[in-house]
Amino acid sequence: MTRGNQRDRDRERAQARAGNKGKTKDDGLTPEQRRERDAKALQEKAAKKAAQAAIGGSNGGGGNKTKK
């Protein structure tokens with residue numbers, strides 16, 4: 001049995017499986033709205049991390065440890 005078109009058929013099947021899983025980000029936001037949303041999320045994340053550092057909590061992230 002010849003397998004000459006197997007690659008082509010597989011590509012077609014892969015495209016059909018992928019469907020609409022493209023790299024497009026269509027969340028209905030303008031670039032400015034997206035920047036504002038992302039900035040707010042980063043500020044909240046930084047505030048949460050600062051609050052945790054203020055109470056002395058540690059997630060085991062030890063960035064300043066040196067090996068001896």
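Even glycines carry a Cβ here, placed using N, Cα and C.
Those TrEMBL annotations? Automatic predictions, nothing curated.
Annotated compositional bias 'Basic and acidic residues' per TrEMBL: 1-15 (among others), in sequence order. Residues of the compositional bias 'Basic and acidic residues' (1-15) grouped by DSSP class, helix first, strand second and coil last, total 10 helix, 0 strand, 5 coil.
Annotation comment: TrEMBL describes 23-47 (among others) as compositional bias 'Basic and acidic residues'. For the compositional bias 'Basic and acidic residues' (23-47), no residue of the chain approaches it from at least six positions outside its boundaries, judged by C-beta separation under 8 angstroms.
Under the heading compositional bias 'Gly residues', TrEMBL lists 57-68.
The domain 'Small EDRK-rich factor-like N-terminal' annotation in TrEMBL covers 1-35.
According to TrEMBL, the feature region 'Disordered' maps to 1-68.
Look at the compositional bias 'Basic and acidic residues' (23-47): DSSP puts its residues at 17 helix, 0 strand, 8 coil.
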